[in-house]
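S.K.: What follows is a structure written as structure tokens; I'll ask about it next.
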Amino acid sequence: MSEFRLTTVEEFEAATARLLETGAKVGADSWQARVKNQTPHCKFGEEGICCRICTMGPCRITKKAPRGICGCDVHGIVGRNYLKFTAGGAATHSDHGREICHTLYEASADGCYKVKDPEKLIRIANEWGMETEGKDIYELAHEVALEGLMEYGKPFGTQRFLKRAPESQQKLWEENELAPHAIDREVSRSLHMAHMGCSSKPEALVKQSIRAGLSDGWGGSMMGTEFSDILFGTPKPIETEANLGVMVEENVNIVVHGHDPSLSEMICEVADSPEMIAYAKEQGAKGITISGVCCTSNEVAMRRGIPMAGNFLQQENVVLTGACEAIVVDVQCIFPALGPLSKCFHTKFITTSPIAQMPDSEFVRFDAHTALEKATQIVKMAIENFKNRKPELVHIPQMKQKATVGYSTEAIVKVLDGVTNSQVDETGTTKPLLQCITSGVLRGAVAMVGCNNPKVRPDLAHIELMKKLVANDIIIIASGCSAQAAAKAGLMDKRAKDICGDGLKRVCELADIPPVLHMGSCVDISRMLVLAATLAKDSGLRISQLPVVGCAPEWMSEKAVSIGNYVIGSGLDTYLGVDPYASGSSEMLEILTNGTREWCEAAFTVEKDIDKLGDLMIERIEEKRAALGI
Ligand code: BF8
Ligand code: SF4
């Protein structure tokens, strides 16, 4: 076996520097250059103390001008901005979930989309009290999808999936009016509350932020995850690779980027067909390589083992290799910069969703009815573009790591059954995992999630924190760009067990898992909620008592704030490495870092010193253990 070692951030950076040299040759712009142009950032914006929600403003709060023209103080302004930020994220995740509901609604035995996990479909139909006996699977898919779509606009009642939480959590939500109603209503109520002349009381604004977040986590995102599993299969452990070295010089390289697996799944399906491979050969290539960037990459990696070319701040790098025939995108986290950048190379930048339309792209509108036809058109465009490569610009950094991915909640429960000597639990509970935790073999778990952000040296926080935590016998579950940072470093290679503490190392050996478990995309953080809920129910504890915390050290998007709100709203303390534009208000800071405990038994910690952030998480996990007497 070849010698294993982690790839360092310095090596990532050297590879990027080499690619930027190519960029400089062709006059390409880069995020690294734009960061310089944008620094220093506006202080008012950074502290959240600028209000522009009515045209009497914009109003900026200073010592001399402590109130806006309407009389709103700094706490109200920061609070409203925070709520709007959250609503943006909840809307985005949830609308993704809605698209998946529509795809499921369109699934048919002879259509583009099929049901790959009928068992999960039946399980959810039963969970929702629907009649399943004697029904055709597609009739049932249709009904479940419709029922899911109703969750967005139903006039009465709260989200159906809230019932998955332990009763103690449900009670907290009821008592504190945090239980989310229809998803769209929570988003629009947030915008209503943050309108000029509505709420300016920080408590009310944060409470609504949590409720809107919960409508995402236990609503839109959870449907996004579950229905994607029904359509494309529930992930199981699978081997793949990560980092730019997964692109293959002799092949047509198609990079999928975005979030909605309806597109990427279909592209993978088509690119795998013998006709397309033959066509690629006809055009002078050896074959076709699909790789991914951002969350859609996580989706197809988890289900198909499609390699991950990189995470958020690596999206320009795939074009800079000069070997990318097409970067095909759907929605979210796509740099508009890809338009002008692709023009410097032969790369086709193909947008596909009316939701994410960008200048300098070729728009191929994608929908469930024409999915196969459009995916074929896109793959052909890429193949025919192979001959337009400029060989002198081609350079793919030969850097990649192996990764075992595909750890859905179902898969985690299954693999950890192998750890203890207890009989395999046929109902598939989390008891073996709980035994590892109570015995102290594992000290706890951290859910590492979120983006890259140039404000933090990209990937360093994710990787360093993970190394520190696993060395302390804390298992990591990861998603989104955090998971990809781990995979690129080698932390999802099973051989990474050697950098763990003795307890975690033993668990990795017995269960044959890497110390960092890839749970999927950002909507798949709903898997983490289900796992936490199951752990709490199986142990008879409240979620907030579990030695488990969440962490987003490099986050940047509105979606990440929505996630943060639902993670604390679900009882898990959350550790942030980037400030959520709230530092301008002492009252908002106090509520976010402490006050929310009263409603949901968890709060945020913001700490930009990454080493300290790690210490604080370990401390918190040990505190929780001590409180339980374990
Ligand atoms: O939803 S982690 S940069 S890709 S927002 Fe975006 Fe952040 Fe990556 Fe996925 Ni999530
Ligand atoms: Fe200024 Fe008030 Fe208008 Fe905001 S709502 S811009 S603080 S006047």
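Quick reminder: no glycine exception, Cβ is built from N, Cα and C everywhere.
Take a look at what TrEMBL says about it:
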- CYS42, CYS50: [4Fe-4S] cluster 1 binding site (BINDING)
- CYS51, CYS54, CYS59, CYS70: [4Fe-4S] cluster 2 binding site (BINDING)
- HIS259, CYS295, CYS333, CYS451, CYS481, CYS522: [Ni-4Fe-4S] cluster binding site (BINDING)
S.K.: Counting only residues 6+ away in sequence within the same chain, which have a CB under 8 Å from the CB of CYS451 ([Ni-4Fe-4S] cluster binding site)?
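M.R.: Long-range Cβ contacts: ASN311, PHE312, CYS333, GLY480, CYS481, SER482, ALA552, GLU554, TRP555, MET556, SER557, ALA560.
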S.K.: Once the chains shown are all counted, how many other Cβ atoms turn up within 10 Å of the Cβ of CYS333 ([Ni-4Fe-4S] cluster binding site)?
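M.R.: Excluding its own Cβ, CYS333 ([Ni-4Fe-4S] cluster binding site) sees 24 Cβ atoms within 10 Å.
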S.K.: Quick check for you: of the binding-site residues CYS42, CYS50, HIS259, CYS522, which have their Cα within 10 Å of the Cα of CYS59 ([4Fe-4S] cluster 2 binding site)?
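M.R.: Matched binding-site residues: CYS50, sequence order.
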S.K.: How many other Cβ atoms sit within 10 Å of the Cβ of CYS50 ([4Fe-4S] cluster 1 binding site)?
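M.R.: The answer is 21 other Cβ atoms.
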S.K.: Can you name the residues of this chain that are 6 or more positions from HIS259 ([Ni-4Fe-4S] cluster binding site) yet have a C-beta less than 8 Å from its C-beta?
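M.R.: When sequence neighbours closer than 6 are ignored, HIS259 ([Ni-4Fe-4S] cluster binding site) has HIS96, CYS294, CYS295, THR296, GLU299, ASP330, VAL331, GLN332, CYS333, SER521, CYS522, VAL523 within Cβ distance under 8 Å.
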S.K.: Between the Cα atoms of CYS42 ([4Fe-4S] cluster 1 binding site) and CYS70 ([4Fe-4S] cluster 2 binding site), what distance do you get, rounded to the nearest Å?
M.R.: 23
S.K.: Quick one: of the binding-site residues CYS51, CYS59, HIS259, CYS481, flag those whose CB is under 6 Å from ligand 2, and say none if nothing qualifies.
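M.R.: Among the binding-site residues listed, those whose Cβ sits under 6 Å from ligand 2 are CYS51, CYS59.
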S.K.: In DSSP terms, helix, strand or coil for CYS451 ([Ni-4Fe-4S] cluster binding site)?
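M.R.: SS state of CYS451 ([Ni-4Fe-4S] cluster binding site) = coil.
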S.K.: Least buried of the binding-site residues CYS54, CYS59, CYS295, going by other Cβ atoms within 10 Å?
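M.R.: Sparsest of the binding-site residues CYS54, CYS59, CYS295 by Cβ contacts within 10 Å: CYS54.
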S.K.: Among CYS59, CYS70, CYS295, CYS333, CYS481, CYS522, please name the binding-site residues whose Cβ is nearer than 6 Å to ligand 1.
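M.R.: Among CYS59, CYS70, CYS295, CYS333, CYS481, CYS522, near ligand 1: CYS295, CYS333, CYS481, CYS522.
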S.K.: Quick one: which residues besides CYS51, CYS54, CYS59, CYS70 have a Cβ within 8 Å of the [4Fe-4S] cluster 2 site's Cβ centroid, in sequence order?
M.R.: ARG52, ILE53, MET56, GLY57, PRO58, GLY68, ILE69, CYS72, ILE77, MET196
